[in-house]
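K.L.:
Pasting the relevant annotations from TrEMBL:
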- 27-45: transmembrane segment (TRANSMEM)
- Gly33, Ala35, Val36, Asn40, Ser264, Asn296, Leu413, Ser417: Na(+) binding site (BINDING)
- 57-78: transmembrane segment (TRANSMEM)
- 99-127: transmembrane segment (TRANSMEM)
- 179-198: transmembrane segment (TRANSMEM)
- 210-234: transmembrane segment (TRANSMEM)
- 254-278: transmembrane segment (TRANSMEM)
- 290-311: transmembrane segment (TRANSMEM)
- 402-422: transmembrane segment (TRANSMEM)
- 443-462: transmembrane segment (TRANSMEM)
- 474-497: transmembrane segment (TRANSMEM)
- 518-537: transmembrane segment (TRANSMEM)
Amino acid sequence: MACALGPDPRGAGGGHERPSWDNRLQYVLSCIGFAVGLGNIWRFPYLCQTYGGGAFLIPYLIALVLEGIPLFHIELAIGQHLRTGSVGVWKAVSPYLGGVGLGCLTVSFLVSLYYNTVLTWVLWYFLNSFQNPLPWGSCPLDLNRTGFEAECQASSPVSYFWYRRTLNITADISDSGSIQWRLLACLAASWAVVYLCVIRGIESTGKAIYFTALFPYLVLTIFLIRGLSLPGAVKGLTYLFTPDVRILQSPRVWLDAATQIFFSLSLAFGGHIAFASYNPHRNNCEKDAVIISLVNSLTSLYASIAMFSVLGFKAANDHGRCLDRNILRLINAFELPDQSVNRDDYAAVLTHLNATQPERVARLCLETCRLEDFLDKSASGTGLAFIIFTEAILHMPGAPGWAVLFFGMLFTLGLSSMFGNMESIITPLLDMGVTHRFIPKEVLTGLACLVCFLSAICFTLQSGNYWLEIFDNYAAPLNLMVFAFFEVVGVAYVYGVQRFSDDVESMTGRRPGLYWQVTWKVVSPLLLLTIFVAYVATLARTPLSYKAWDAQYVRPLGGLARPFPSAALRDPVGRLCRDPRPPELQHQS
């Protein structure tokens, strides 16, 4: 059985006084910045739309109360009490749990590699946004300058800019391709920005966090105000939040809600433990856990409203253009006067022609123009950020300005999350004394950033997006669930709930009530174990695959005149399964 530690081990043994936050706001904003990341923008809205709109909030809130907040409280309280990073914390709880701290450090390192690569792509788009017109607004000319690039015409300008101009992606993961030097330069710039912000730990990130944590809320508010003034915004929000309670019968909804809470709060990374270790002993960690968790969830909801108000406008715009194409075909085929049919009259005119001349109408191969179909064309992850929403921006007046705001917001969101990731790495290293006490923290931080940069160069290869997707799907999720399970079990059954409650009472002046003790001892461990088993079962039933962009597979989508390249789903041995949808419209099963 372990004993509780009081002062910081590094401070006691190494002659260094542990730094502290300038004020409580810096700490709260840092935790919010670490928790509120890209997933709040591009994953939660997709899950909410996919799983029954407002009905998804039911399992989401249940998971927040029974899993998210109790685990978050554990990390903040134990970091604040023991005043050390993740490795030192779990060694103090029990020597047998030291591997949990090392695992948290390792996962934070792996996640930092590909998370900052996403910021590299965001930076590339941000720099390209200072052009009018935007470079993803139209197809480039071919080599002969007599027409447009065939691959772009077969897909769309936004897809072409993402897959060819940005990633220059290969058709298969086995073809590594070459390093894309423009992405390498952006990767170096991204890591340089991270280093300058974390150079002195919380002393420097505490200053930067005021901007990186608050600027995204300003941009989301601007997008929300502008989005609500656009035609189709209300339809987008109605479609997003219309509840379908029948979908709650699916176990996958509950699994995704629980995992979304888990990853959205950045649990088991060690970053929150590191941040809390710089708090004064008497800080109210219970209050912080509740406030930060609620702010994170409300931010997801707020971002969903802002995003889908704009996506509703895009869907209405695409729906209108679909009707215009059909109207033009009707006018040409039946020799109707120009301007004789408008969008409002289209349905009535088509019904009349179908009743009187059905064979002629059938030969026109008219497109099916349903607003719901266009609202359904959503995606999560890079598909939402770099394709769906990027295309929506094209339709907005002053598109370059909106693109600058959007990608600037994504960069600051990711940057504040990187602060937590780097603290998850650097704080345990400092606490373990891996460097001589005369070596400045700036040198260790620089070495950590340099190692991360060199390790992430593989993601700038032409096949880098494939490897990043594999890292994202398999490197962190299962490991984090295991670490979180051992965290809550270690506190509840190794350290002991009663002793832990004594520690919390000494810090907050109030003993944890029945809710906290029941969730720590029973509900949260069982829920984490259930999530782990369900997640493993889902992986076992799902063939290992990745989405590939292969320009040679071109197939028209539905009745569209313009064909879309299909995506190739390849397993590790290269077997090809064709999916007729474009990659940005595919969803992970």
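Residue 1 is the first one shown; counting continues down the chain.
A Cβ is built for glycine as well, from the same backbone N, Cα and C atoms used for every other residue.
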K.L.:
Can you give me the residues near the recorded Na(+) site, meaning same chain, not Gly33, Ala35, Val36, Asn40, Ser264, Asn296, Leu413, Ser417 themselves, Cβ no more than 8 Å from the center of the site's Cβ atoms?
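P.N.:
Counting only non-site residues, the set is Ile32, Phe34, Gly37, Gly39, Ser266, Thr299, Ser416.
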K.L.:
Same chain only, please: residues at least 6 beyond the ends of the transmembrane segment (474-497) with a C-beta under 8 Å from a C-beta of the stretch. Say none if there are none.
P.N.:
1-2, 70-71, 74-75, 78, 90, 93-94, 97, 100, 103-104, 107, 110-111, 114, 259, 262-263, 267-269, 517, 520-521, 524-525, 528-529, 531-532, 535-536, 539
K.L.:
Ranking 27-45, 99-127, 254-278, 290-311, 518-537 by Cβ pairs under 8 Å to the transmembrane segment (210-234), which is first?
P.N.:
290-311
K.L.:
Test the contact criterion for the transmembrane segment (290-311) and the transmembrane segment (179-198): 3 or more CB pairs under 8 Å, pairs 6 or more apart in sequence, then answer yes or no.
P.N.:
no
K.L.:
Cβ pairs under 8 Å only, please: of the recorded stretches 99-127, 254-278, 402-422, which one is richest in them relative to the transmembrane segment (518-537)?
P.N.:
254-278
K.L.:
Is the transmembrane segment (57-78) close to the transmembrane segment (402-422), in the sense of at least 3 CB pairs under 8 angstroms with a sequence gap of 6 or more?
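P.N.:
No; fewer than 3 Cβ pairs under 8 Å.
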K.L.:
Enumerate same-chain residues with a sequence separation of six or more from Gly33 (Na(+) binding site) and a Cβ-Cβ distance below 8 A; give 'none' if the list is empty.
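P.N.:
Same-chain residues close to Gly33 (Na(+) binding site) (Cβ under 8 Å, separated by 6 or more) are Ile209, Thr212, Ala213, Ser416, Ser417, Phe419, Gly420.
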K.L.:
Please work out which recorded stretch in 99-127, 179-198, 254-278 has the most C-beta pairs separated by under 8 angstroms from the transmembrane segment (57-78)?
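P.N.:
Counting Cβ pairs under 8 Å, the winner is 254-278.
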K.L.:
Using Cβ atoms only, which residues of the same chain lie under 8 Å from Ser264 (Na(+) binding site) while being at least 6 residues apart in sequence?
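P.N.:
Looking at Cβ-Cβ distances below 8 Å from Ser264 (Na(+) binding site), excluding near sequence neighbours, one finds Ala35, Gly37, Gly39, Asn40, Phe44, Gly68, Asn296, Ser297, Ser300.
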K.L.:
Taking residues 6+ outside the transmembrane segment (254-278), which of them lie with a CB under 8 Å of any CB in it?
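P.N.:
Residues packing against the transmembrane segment (254-278) from afar: 8, 18-21, 27, 30-31, 34-35, 37, 39-40, 43-44, 47, 51, 56, 59-60, 62-64, 67-68, 71-72, 75-80, 82-86, 89, 101, 104-105, 107-108, 111, 202, 248, 285, 293, 296-297, 300, 417, 420-421, 423-424, 427-428, 477, 480-481, 483-484, 487, 527, 531, 534-535, 538.
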K.L.:
Report, as numbers and ranges, every residue of the chain located at least six residues beyond the transmembrane segment (179-198) whose Cβ falls under 8 Å of a Cβ in that stretch; write 'none' if there are none.
P.N.:
116-117, 119-121, 123-124, 127, 166-168, 204-205, 208, 212, 415, 418-419, 422-423, 426, 445-446, 449-450, 452-453, 456-457, 459-462, 464
K.L.:
Return the residues near Val36 (Na(+) binding site) by Cβ distance under 8 Å, restricted to its own chain and a separation of at least 6 in sequence.
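P.N.:
The list for Val36 (Na(+) binding site) reads Ala213, Pro216, Val295, Asn296, Thr299, Leu413, Ser416, Ser417, given in order along the sequence.
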